[in-house]
Amino acid sequence: MKPVIALVGRPNVGKSTLFNRLTRSRDALVADLPGLTRDRHYGEGRVGERPYLVVDTGGFEPVAKDGILHEMARQTRQAVEEADVVVFIVDGRNGLAPQDKSIADYLRKTGRPIFLVVNKAEGMKYTAVATDFYELGLGDPRAISAAHGDGVTDMINEALEVAYAGQPEEADEDDPSRGIKIAIVGRPNVGKSTLVNALIGEDRVIAFDMPGTTRDSIYVDFERNGKKYTLIDTAGLRRRGKVFEAIEKFSVVKTLQSISDANVVILLLDAQQDISDQDAHIAGFVVEQGRALVIGVNKWDGLDDHARDRAKADLTRKLKFLDFAKSHFISAAKKTGIGALMRSVDDAYAAAMAKLPTPKLTRALIEAVEFQQPRRRGPVRPKLRYAHQGGQNPPIIVIHGNALDAVTETYKRYLENRFRETFSLTGTPLRIEFRSSNNPYADKG
């Protein structure tokens, strides 16, 4: 699994700025999705061929006793305990603060690898910036400027060396013969463990722990209607006899890693609760990771018609950026709607892995342009000439032509919808890339 780097520090030291810099290559993929909040706290970064997950823990108040600060501190502690590396950020301009000492005292006790990073160090001599912070007893401070990028690459490379060194070797969880890997994600108490047991059946459980990580990820192999699947633990599911029960302590780290490791994600919602920002954040990460997605709205049997209409409206309004995914209204406890849910899992996986021939893609592109041309930008109208597939899981369609920087986001979404309809790409994100070039086949008979 991808290593996790947790960003920790008191408020206003630049954690979000560093987060944005570390994940910048991914921001564009989700920033323009209608309805998706930009206030994200986790994302993916990449240095060369090494991907990693980043968690921005928010302002850390380790001594908070109640209220929202206490909850933030609890979530931060959990993220720290599950991270591979902790980047502890302090403010070089304001110097050492009492709160920094409290955080350092806590971090030293965790046993996690700690990188002490002095932010806002631009234009300052290292000795002037770093001297105060040696007092924290966390080794040599690393001076950076998250805003300008100074020192960030060296720092993250060092952190990744440590993070990857602690990663276990990938075992047979990557064996393609094991079938579609499914992650069931959602907030506590939405019914994840109930759905797992409904899917697997108590007498057909084949479960084992994959050792080697401090998080003891669990992979559960099962068959349904003759097809093989593997469930990835996301909820702290632990086997008790023949039944899985949830240790209902929501873990951002486990959720992110499970999404990243899955072929298809089932986002499970509680029909009796409003969709939260946390639900939207998780959904946004699924899209960012390019994972196929199916939405399950659980506990549907407990709602009357008015409440059902309200729940559907809430889903449409708050998760409209997931309009490519099928939604199923289910009862995991009564095992209703499970069959249709799993058929959508199969369909979403097939769509994510679809092979799209260049002639058919180009024909679909030409038909889309003939039906609705892209708008001019000033005197220039984009010319879309041909298309080919650039990747799978998720499908990437590369469109070649001229003046493609003038293509609007609205027209890009129009093309996406046309391709989805033509090639039945339901349940998977779809990436469209534009490249200005000549058609190499134009002069060939």
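Backbone N, Cα and C define each Cβ position, glycine as well.
Annotated features, as they stand in Swiss-Prot:
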| type | residues | note |
| --- | --- | --- |
| BINDING | 9-16, 56-60, 119-122 | GTP 1 binding site |
| BINDING | 186-193, 233-237, 298-301 | GTP 2 binding site |
| DOMAIN | 3-167 | domain 'EngA-type G 1' |
| DOMAIN | 180-353 | domain 'EngA-type G 2' |
| DOMAIN | 354-438 | domain 'KH-like' |
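Everything Swiss-Prot records as a feature, shown here on the structure.
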residue : record             : DSSP (3 states)
Gly9    : GTP 1 binding site : coil
Lys15   : GTP 1 binding site : helix
Thr57   : GTP 1 binding site : coil
Ala121  : GTP 1 binding site : coil
Gly186  : GTP 2 binding site : coil
Lys192  : GTP 2 binding site : helix
Trp300  : GTP 2 binding site : helix
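For Lys15 (GTP 1 binding site), the nearest of the binding-site residues Gly186, Lys192, Trp300 in terms of C-alpha separation is Gly186.
Ranked by CA distance from Trp300 (GTP 2 binding site), the binding-site residues Asn12, Thr57, Ala121 have Thr57 at the top as the closest. For Lys192 (GTP 2 binding site), the spatially nearest entry among the binding-site residues Asn12, Thr57, Ala121 is Thr57, judged by CA separation. Residues belonging to the domain 'EngA-type G 1' (3-167) score a mean pLDDT of 81 in the model. Residue pair Ala121 (GTP 1 binding site) / Asn189 (GTP 2 binding site) shows a Cα separation of 44 Å. Gly186 (GTP 2 binding site) and Thr57 (GTP 1 binding site) have their C-alpha atoms 19 Å apart, to the nearest angstrom.
With respect to their backbone Cα atoms, Thr57 (GTP 1 binding site) and Asn189 (GTP 2 binding site) stand 23 Å from each other.
Of all the binding-site residues listed (Asn12, Thr57, Asn189), Asn12 has the fewest other CB atoms within 10 A of its CB. The CA atom of Asn12 (GTP 1 binding site) is located 33 Å away from the CA atom of Asn189 (GTP 2 binding site). A separation of roughly 30 Å, to the nearest angstrom, links the Cα atoms of Gly9 (GTP 1 binding site) and Asn189 (GTP 2 binding site). Taking the Cβ of Ala121 (GTP 1 binding site) as centre and 10 Å as the limit, one finds 24 other Cβ atoms among all the protein chains shown. Counting residues per DSSP class in helix, strand and coil order gives 32 helix, 24 strand, 29 coil for the domain 'KH-like' (354-438). Cβ neighbour count for Trp300 (GTP 2 binding site) (all protein chains, 10 Å cutoff from its Cβ): 21.
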